[in-house]
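As written in TrEMBL, here are the features:
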type     : residues                                           : note
ACT_SITE : His96                                              : active site, electrophile
ACT_SITE : Glu168                                             : active site, proton acceptor
BINDING  : Asn9, Trp10, Lys11, Gly174, Ser214, Gly235, Gly236 : substrate binding site
Amino acid sequence: MRKMIIAGNWKMNKDIKETFDFLLPLKNNLIGQNLNVEVVVCPPFTSLFIASDILRETNIKIGAQNMFYEVEGAYTGEISPKMLKSVRCEYVILGHSERRRYFGETDEIVNKKVKKAIEFGLKPIVCVGETLEERENGETFKVLEKQIKGVLEGLTYEQMRNVVIAYEPVWAIGTGRNATPDQAQEAQRFIRELVAGLFNDGIAQNLTIQYGGSVTPENAYSLLSQPDVDGALVGGASLKVDAFLKIIKAGETASVEKKN
Ligand code: PEP
(Lines of atoms letter the chains of each structure in order from A; the text may use other names.)
(Lines give C-alpha, C1' and ligand atoms only; values in the text may rest on other atoms or scores of the structure.)
Protein backbone atom coordinates (compact mmCIF):
# COMPACT_ATOMS: atom_id res chain seq x y z
CA MET A 1 0.00 0.00 0.00
CA ARG A 2 1.56 3.30 -1.04
CA LYS A 3 1.77 6.16 1.37
CA MET A 4 -0.37 9.26 0.96
CA ILE A 5 1.73 12.40 1.39
CA ILE A 6 0.34 15.88 2.05
CA ALA A 7 3.15 18.39 1.58
CA GLY A 8 3.05 22.16 1.98
CA ASN A 9 5.28 24.16 -0.34
CA TRP A 10 5.65 27.56 1.31
CA LYS A 11 7.62 28.94 -1.66
CA MET A 12 9.26 32.29 -0.80
CA ASN A 13 7.03 32.94 2.22
CA LYS A 14 7.43 33.15 6.00
CA ASP A 15 10.29 34.57 8.05
CA ILE A 16 11.36 33.06 11.37
CA LYS A 17 8.50 34.52 13.42
CA GLU A 18 5.92 33.47 10.85
CA THR A 19 7.45 29.99 10.80
CA PHE A 20 6.93 29.75 14.57
CA ASP A 21 3.41 31.13 14.31
CA PHE A 22 2.48 28.47 11.78
CA LEU A 23 4.29 25.43 13.11
CA LEU A 24 3.36 25.67 16.77
CA PRO A 25 -0.41 25.35 16.18
CA LEU A 26 0.17 22.77 13.45
CA LYS A 27 2.24 20.69 15.83
CA ASN A 28 -0.28 21.09 18.67
CA ASN A 29 -3.07 19.91 16.39
CA LEU A 30 -1.29 16.84 15.08
CA ILE A 31 0.85 15.75 18.00
CA GLY A 32 0.17 12.25 19.26
CA GLN A 33 -2.21 11.48 16.40
CA ASN A 34 -1.75 8.24 14.57
CA LEU A 35 -1.87 9.67 11.07
CA ASN A 36 -2.53 7.65 7.94
CA VAL A 37 -0.98 10.34 5.79
CA GLU A 38 2.57 11.62 5.89
CA VAL A 39 2.59 15.36 6.59
CA VAL A 40 5.51 17.37 5.20
CA VAL A 41 6.22 21.09 5.40
CA CYS A 42 8.69 22.69 3.01
CA PRO A 43 9.74 26.11 4.36
CA PRO A 44 12.34 28.35 2.70
CA PHE A 45 15.99 27.52 3.46
CA THR A 46 16.23 30.21 6.14
CA SER A 47 13.51 28.53 8.22
CA LEU A 48 14.62 24.92 7.87
CA PHE A 49 16.78 24.81 10.98
CA ILE A 50 14.19 26.34 13.29
CA ALA A 51 11.41 24.29 11.69
CA SER A 52 13.19 21.02 12.31
CA ASP A 53 13.85 22.11 15.88
CA ILE A 54 10.17 22.91 16.47
CA LEU A 55 9.07 19.64 14.88
CA ARG A 56 11.67 17.40 16.52
CA GLU A 57 10.09 14.14 17.70
CA THR A 58 6.77 14.85 16.01
CA ASN A 59 5.02 13.09 13.15
CA ILE A 60 5.54 16.09 10.83
CA LYS A 61 8.42 15.87 8.35
CA ILE A 62 10.55 18.61 6.87
CA GLY A 63 11.35 19.16 3.20
CA ALA A 64 13.36 21.73 1.27
CA GLN A 65 12.17 23.39 -1.92
CA ASN A 66 15.34 22.89 -3.96
CA MET A 67 19.00 21.88 -3.73
CA PHE A 68 22.08 21.75 -5.93
CA TYR A 69 23.57 18.50 -7.21
CA GLU A 70 27.09 19.12 -5.90
CA VAL A 71 28.07 18.42 -2.30
CA GLU A 72 30.27 21.45 -1.63
CA GLY A 73 32.46 23.98 -3.40
CA ALA A 74 32.42 27.26 -5.28
CA TYR A 75 28.70 27.47 -6.12
CA THR A 76 27.66 30.80 -4.66
CA GLY A 77 24.12 30.86 -3.40
CA GLU A 78 23.51 27.14 -3.67
CA ILE A 79 22.54 24.61 -0.97
CA SER A 80 23.76 21.01 -0.98
CA PRO A 81 22.05 17.75 0.00
CA LYS A 82 24.56 17.36 2.81
CA MET A 83 23.46 20.71 4.25
CA LEU A 84 19.79 19.70 4.00
CA LYS A 85 20.52 16.48 5.86
CA SER A 86 22.30 18.43 8.58
CA VAL A 87 19.05 20.29 9.32
CA ARG A 88 17.16 16.98 9.32
CA CYS A 89 15.34 17.38 6.03
CA GLU A 90 13.77 14.16 4.81
CA TYR A 91 12.30 15.44 1.56
CA VAL A 92 13.29 17.89 -1.16
CA ILE A 93 11.06 19.29 -3.90
CA LEU A 94 12.88 19.14 -7.25
CA GLY A 95 11.97 20.48 -10.67
CA HIS A 96 9.06 22.66 -9.53
CA SER A 97 7.66 24.52 -12.53
CA GLU A 98 8.70 27.83 -10.97
CA ARG A 99 12.30 26.54 -10.88
CA ARG A 100 11.96 25.45 -14.48
CA ARG A 101 10.39 28.72 -15.63
CA TYR A 102 12.39 31.34 -13.70
CA PHE A 103 15.68 29.54 -13.11
CA GLY A 104 16.12 27.53 -16.28
CA GLU A 105 15.98 24.06 -14.76
CA THR A 106 15.82 21.29 -17.31
CA ASP A 107 14.94 17.62 -16.96
CA GLU A 108 18.66 16.88 -17.18
CA ILE A 109 19.46 19.15 -14.23
CA VAL A 110 16.54 17.76 -12.24
CA ASN A 111 17.77 14.22 -12.97
CA LYS A 112 21.20 15.04 -11.53
CA LYS A 113 19.57 16.52 -8.45
CA VAL A 114 17.30 13.50 -7.98
CA LYS A 115 20.28 11.13 -8.01
CA LYS A 116 22.27 13.28 -5.59
CA ALA A 117 19.31 13.72 -3.23
CA ILE A 118 18.80 9.95 -3.01
CA GLU A 119 22.53 9.37 -2.51
CA PHE A 120 22.26 11.55 0.60
CA GLY A 121 19.15 9.86 1.92
CA LEU A 122 16.68 12.56 0.88
CA LYS A 123 13.38 11.68 -0.76
CA PRO A 124 12.89 13.82 -3.86
CA ILE A 125 9.40 15.09 -4.67
CA VAL A 126 9.87 15.43 -8.41
CA CYS A 127 7.50 17.79 -10.20
CA VAL A 128 6.20 17.33 -13.73
CA GLY A 129 3.31 18.91 -15.58
CA GLU A 130 2.17 20.47 -18.82
CA THR A 131 1.46 24.12 -19.62
CA LEU A 132 -1.98 25.30 -20.70
CA GLU A 133 -0.81 25.61 -24.30
CA GLU A 134 0.50 22.06 -24.26
CA ARG A 135 -2.78 20.76 -22.83
CA GLU A 136 -4.83 22.67 -25.38
CA ASN A 137 -2.64 21.29 -28.17
CA GLY A 138 -3.34 17.75 -26.95
CA GLU A 139 0.30 17.30 -25.89
CA THR A 140 -0.19 16.50 -22.20
CA PHE A 141 0.85 12.85 -22.35
CA LYS A 142 3.73 13.59 -24.71
CA VAL A 143 5.08 16.26 -22.33
CA LEU A 144 4.63 14.06 -19.26
CA GLU A 145 6.40 11.18 -20.98
CA LYS A 146 9.36 13.34 -21.93
CA GLN A 147 9.64 14.82 -18.44
CA ILE A 148 9.24 11.51 -16.60
CA LYS A 149 11.81 9.77 -18.82
CA GLY A 150 14.18 12.71 -18.39
CA VAL A 151 13.97 13.16 -14.64
CA LEU A 152 14.11 9.41 -13.89
CA GLU A 153 16.83 8.58 -16.45
CA GLY A 154 19.32 6.02 -15.16
CA LEU A 155 17.70 5.47 -11.75
CA THR A 156 17.95 1.98 -10.33
CA TYR A 157 14.96 0.06 -8.99
CA GLU A 158 16.36 0.61 -5.50
CA GLN A 159 16.63 4.38 -6.03
CA MET A 160 13.07 4.51 -7.36
CA ARG A 161 11.77 3.33 -3.99
CA ASN A 162 12.69 6.75 -2.59
CA VAL A 163 11.10 8.85 -5.32
CA VAL A 164 7.82 10.75 -5.05
CA ILE A 165 6.28 12.28 -8.17
CA ALA A 166 4.10 15.40 -8.06
CA TYR A 167 1.86 15.91 -11.08
CA GLU A 168 1.50 19.68 -11.21
CA PRO A 169 -0.17 21.05 -14.33
CA VAL A 170 1.46 24.46 -14.75
CA TRP A 171 -1.89 26.09 -15.58
CA ALA A 172 -3.25 25.05 -12.20
CA ILE A 173 -0.43 26.34 -10.03
CA GLY A 174 -1.34 29.48 -8.11
CA THR A 175 -4.21 30.21 -10.51
CA GLY A 176 -7.18 29.07 -8.44
CA ARG A 177 -8.04 26.74 -11.31
CA ASN A 178 -7.41 23.18 -10.19
CA ALA A 179 -7.41 20.17 -12.48
CA THR A 180 -10.68 18.29 -12.20
CA PRO A 181 -10.45 14.98 -10.32
CA ASP A 182 -10.84 13.20 -13.67
CA GLN A 183 -8.04 15.20 -15.28
CA ALA A 184 -5.73 14.51 -12.33
CA GLN A 185 -6.63 10.82 -12.30
CA GLU A 186 -6.12 10.47 -16.06
CA ALA A 187 -2.67 12.11 -15.99
CA GLN A 188 -1.55 10.27 -12.87
CA ARG A 189 -2.67 6.88 -14.15
CA PHE A 190 -0.70 7.65 -17.30
CA ILE A 191 2.40 8.44 -15.20
CA ARG A 192 2.02 5.21 -13.20
CA GLU A 193 1.66 3.11 -16.34
CA LEU A 194 4.68 4.84 -17.83
CA VAL A 195 6.74 4.08 -14.73
CA ALA A 196 5.56 0.45 -14.87
CA GLY A 197 6.92 0.26 -18.41
CA LEU A 198 10.20 1.99 -17.57
CA PHE A 199 10.80 0.00 -14.36
CA ASN A 200 8.25 -2.61 -13.31
CA ASP A 201 4.74 -2.90 -11.97
CA GLY A 202 5.85 -3.29 -8.35
CA ILE A 203 7.78 -0.01 -8.48
CA ALA A 204 4.84 1.73 -10.16
CA GLN A 205 2.30 0.44 -7.64
CA ASN A 206 4.45 1.58 -4.72
CA LEU A 207 5.12 5.02 -6.19
CA THR A 208 3.42 7.91 -4.43
CA ILE A 209 2.09 10.34 -7.04
CA GLN A 210 0.83 13.61 -5.60
CA TYR A 211 -1.40 16.12 -7.33
CA GLY A 212 -0.52 19.81 -7.07
CA GLY A 213 -2.24 22.90 -8.41
CA SER A 214 -4.72 25.08 -6.50
CA VAL A 215 -5.58 22.40 -3.95
CA THR A 216 -7.90 23.86 -1.30
CA PRO A 217 -9.87 22.48 1.65
CA GLU A 218 -12.91 22.52 -0.65
CA ASN A 219 -11.50 20.45 -3.52
CA ALA A 220 -8.96 18.29 -1.65
CA TYR A 221 -11.17 15.30 -0.90
CA SER A 222 -12.50 14.90 -4.45
CA LEU A 223 -8.94 14.95 -5.80
CA LEU A 224 -7.43 12.75 -3.10
CA SER A 225 -10.10 10.09 -3.38
CA GLN A 226 -9.05 9.33 -6.98
CA PRO A 227 -7.31 5.94 -7.18
CA ASP A 228 -4.01 7.25 -8.57
CA VAL A 229 -3.88 10.46 -6.51
CA ASP A 230 -1.73 9.61 -3.51
CA GLY A 231 -1.43 12.99 -1.90
CA ALA A 232 -1.14 16.68 -2.56
CA LEU A 233 1.59 19.22 -3.01
CA VAL A 234 -0.05 22.37 -1.72
CA GLY A 235 1.17 25.91 -2.30
CA GLY A 236 -1.10 28.80 -1.34
CA ALA A 237 -3.41 26.82 0.93
CA SER A 238 -0.45 25.48 2.92
CA LEU A 239 0.30 28.96 4.27
CA LYS A 240 -2.71 29.04 6.61
CA VAL A 241 -2.79 26.49 9.42
CA ASP A 242 -6.55 25.98 9.30
CA ALA A 243 -6.62 25.37 5.56
CA PHE A 244 -3.63 23.04 5.67
CA LEU A 245 -5.17 21.04 8.54
CA LYS A 246 -8.41 20.66 6.57
CA ILE A 247 -6.47 19.32 3.59
CA ILE A 248 -4.65 16.87 5.88
CA LYS A 249 -8.03 15.77 7.22
CA ALA A 250 -9.34 15.24 3.67
CA GLY A 251 -6.25 13.14 3.02
CA GLU A 252 -6.88 11.09 6.16
CA THR A 253 -10.46 10.37 5.09
CA ALA A 254 -9.48 9.46 1.53
CA SER A 255 -6.57 7.34 2.72
CA VAL A 256 -8.69 5.34 5.18
CA GLU A 257 -11.36 4.80 2.51
CA LYS A 258 -8.76 3.51 0.05
CA LYS A 259 -7.41 1.05 2.60
CA ASN A 260 -10.88 -0.44 3.16
C1 PEP B 1 2.83 24.50 -5.73
O2 PEP B 1 3.49 25.46 -5.40
O3 PEP B 1 3.40 23.42 -5.91
C4 PEP B 1 1.39 24.66 -5.91
C5 PEP B 1 0.72 23.63 -6.31
O6 PEP B 1 0.86 25.88 -5.63
P7 PEP B 1 -0.72 26.24 -5.43
O8 PEP B 1 -1.28 25.20 -4.50
O9 PEP B 1 -0.73 27.59 -4.84
O10 PEP B 1 -1.35 26.17 -6.77
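Heads up, residue numbers simply count up from 1 along the chain you see.
Glycine is no exception: its Cβ is also placed from the backbone N, Cα and C atoms.
Remember, TrEMBL labels are computer predictions, not curated facts.
Features recorded in TrEMBL, as mapped to the structure shown.
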residue	record	Cβ within 10 Å
Asn9	substrate binding site	26
Trp10	substrate binding site	22
Lys11	substrate binding site	18
His96	active site, electrophile	27
Glu168	active site, proton acceptor	27
Gly174	substrate binding site	13
Ser214	substrate binding site	20
Gly235	substrate binding site	22
Gly236	substrate binding site	19
Check: same-chain CB within 8 A of substrate site center, minus Asn9, Trp10, Lys11, Gly174, Ser214, Gly235, Gly236: Ile173, Val234, Ala237, Ser238, Leu239
Recorded substrate site residues Asn9, Trp10, Lys11, Gly174, Ser214, Gly235, Gly236, farthest C-alpha pair in Å: 14
DSSP-derived class (H/G/I helix, E/B strand, else coil) of Asn9 (substrate binding site): strand
Rounded to the nearest Å - Cα separation of Trp10 (substrate binding site) and His96 (active site, electrophile): 12
Rounded Cα-Cα span from Glu168 (active site, proton acceptor) to Gly235 (substrate binding site), Å: 11
Alpha-carbon spacing, Asn9 (substrate binding site) to Glu168 (active site, proton acceptor), which is rounded to whole Å: 12
Which recorded positions sit within 10 Å of His96 (active site, electrophile) - Cα, from Glu168, Ser214, Gly236: Glu168
Euclidean distance between Cα atoms of Ser214 (substrate binding site) and Glu168 (active site, proton acceptor), Å: 9
